[in-house]
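Features as listed in Swiss-Prot:
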- 1-7: topological domain 'Cytoplasmic' (TOPO_DOM)
- 8-27: transmembrane segment (TRANSMEM)
- 28-321: topological domain 'Lumenal' (TOPO_DOM)
- ARG70, ASP143: substrate binding site (BINDING)
- ASN109: N-linked glycosylation site (CARBOHYD)
- CYS110-CYS121: disulfide bond (DISULFID)
- CYS139-CYS202: disulfide bond (DISULFID)
- ASP144, HIS256: Mn(2+) binding site (BINDING)
- ASN185: N-linked glycosylation site (CARBOHYD)
- ASP232: active site (ACT_SITE)
- CYS306-CYS315: disulfide bond (DISULFID)
Amino acid sequence: MQCRLPRGLAGALLTLLCMGLLCLRYHLNLSPQRVQGTPELSQPNPGPPKLQLHDVFIAVKTTRAFHRLRLELLLDTWVSRTREQTFVFTDSPDKGLQERLGSHLVVTNCSAEHSHPALSCKMAAEFDTFLASGLRWFCHVDDDNYVNPRALLQLLRAFPLARDVYVGRPSLNRPIHASEPQPHNRTRLVQFWFATGGAGFCINRKLALKMAPWASGSRFMDTSALIRLPDDCTMGYIIECKLGGRLQPSPLFHSHLETLQLLRTAQLPEQVTLSYGVFEGKLNVIKLQGPFSPEEDPSRFRSLHCLLYPDTPWCPQLGAR
């Protein structure tokens with residue numbers, strides 16, 4: 001009896017020790033570090049940063065004849081607020097512009113003519129420079145456009161990141177038609193919408209990269225010659241006919257081909273682009289009371305700039321308040 005008690009006690013202790021080890025192993029296997037398939041805790045993905053103005057590439061198309069007449073006005077007004085984002089594409093060197101713009105003046109090898117090949121040549125230069133920049137948005141305007149950077153940024157921020165975006169204002173109330181050459185001397189009639197370059201338009205990088213087979217390098221001019229249409233039409237053709245995309249029409253872009261006086265003063269800060277010019281034999285400008293008279297400011301761009309940026313030093317009345 002005395003010999004059996006220690007042996008039984010030892011067995012009980014051994015059993016308890018084994019059970020304790022099993023429990024410890026069980027709990028260790030259930031810990032987050034040991035359970036297979038359980039991901040490690042991590043910070044949530046913040047996603048792409050919010051679009052800022054420095055993410056936008058603004059291309060201005062011009063020609064030698066308008067360097068003084070139009071470009072200096074833009075440099076004094078809206079370009080002064082978007083200097084780092086704006087690139088001016090022209091056909092001739094200009095020492096004065098070079099001093100003001102530096103590397104943001106792009107002198108192309110394009111003709112100064114107002115022809116389909118010359119216009120497409122400059123658009124191709126704009127597109128290639130944008131692709132090389134790595135920026136998120138490409139926006140094209142002409143040298144008679146005023147760009148409101150605040151309204152532009154608000155518009156572009158509204159589009160989903162995953163979507164191909166082509167936004168602008170069509171100049172026609174119907175699609176344009178073109179003859180697309182086919183093999184065996186045949187042609188195919190195609191129709192598509194396009195945003196008029198005279199009002200400006202924007203394309204995001206996601207879509208621009210898909211356009212490259214028809215738009216990068218000399219291929220943009222080749223595509224334009226193929227359908228015998230100018231640069232802005234060629235953009236619409238590539239996007240809608242080659243890629244199956246669609247123009248997103250926006251009433252916030254404006255050219256000199258519309259009646260600009262219909263815009264109310266209260267609406268002006270919301271517009272992405274505005275313009276001026278002669279339409280149907282009459283001066284076509286926005287209707288705006290401002291610090292400058294129509295004789296001092298025939299385009300009304302200086303008065304508009306003082307409305308949007310009253311802190312501008314040369315705004316005589318609003319700046320003094």
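Every residue, even glycine, has its Cβ placed from backbone N, Cα and C.
Structure coloured by features recorded in Swiss-Prot.
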residue	record	DSSP (3 states)
ARG70	substrate binding site	helix
ASN109	N-linked glycosylation site	coil
CYS121	disulfide bond	helix
CYS139	disulfide bond	strand
ASN185	N-linked glycosylation site	coil
CYS202	disulfide bond	strand
ASP232	active site	helix
CYS306	disulfide bond	helix
Least buried by Cβ count (within 10 Å) of the disulfide-bonded residues CYS139, CYS202, CYS315: CYS315
Spatial neighbour of ARG70 (substrate binding site) that is closest, considering only the recorded positions CYS110, CYS202, ASP232, HIS256 and their CA atoms: HIS256
Inter-residue Cα distance where the pair is ASN185 (N-linked glycosylation site) and CYS306 (disulfide bond), in Å: 57
Assigned conformation of ASP144 (Mn(2+) binding site) - DSSP reduced to three states: coil
Spatial separation of ASP232 (active site) from ASN109 (N-linked glycosylation site) - C-alpha basis, Å: 19
Local Cβ density at ASP143 (substrate binding site) - other Cβ atoms counted within 10 Å: 18
Stretch-averaged pLDDT - the topological domain 'Cytoplasmic' (1-7): 45
Chain-internal residues, separated by at least six, CB under 8 A from ASP232 (active site): MET123, PHE194, ALA195, THR196, GLY197, GLY198, PHE201
Cα-Cα distance linking CYS121 (disulfide bond) and CYS139 (disulfide bond), given in Å to the nearest integer: 17
Packing count at ASN109 (N-linked glycosylation site) (other Cβ atoms within 10 Å of its Cβ): 7
Listed recorded positions CYS110, ASN185, CYS202, HIS256, CYS315, filtered to Cα within 10 Å of ASP143 (substrate binding site): none
Integer Å distance between the CA atoms belonging to CYS202 (disulfide bond) and ASP144 (Mn(2+) binding site): 17
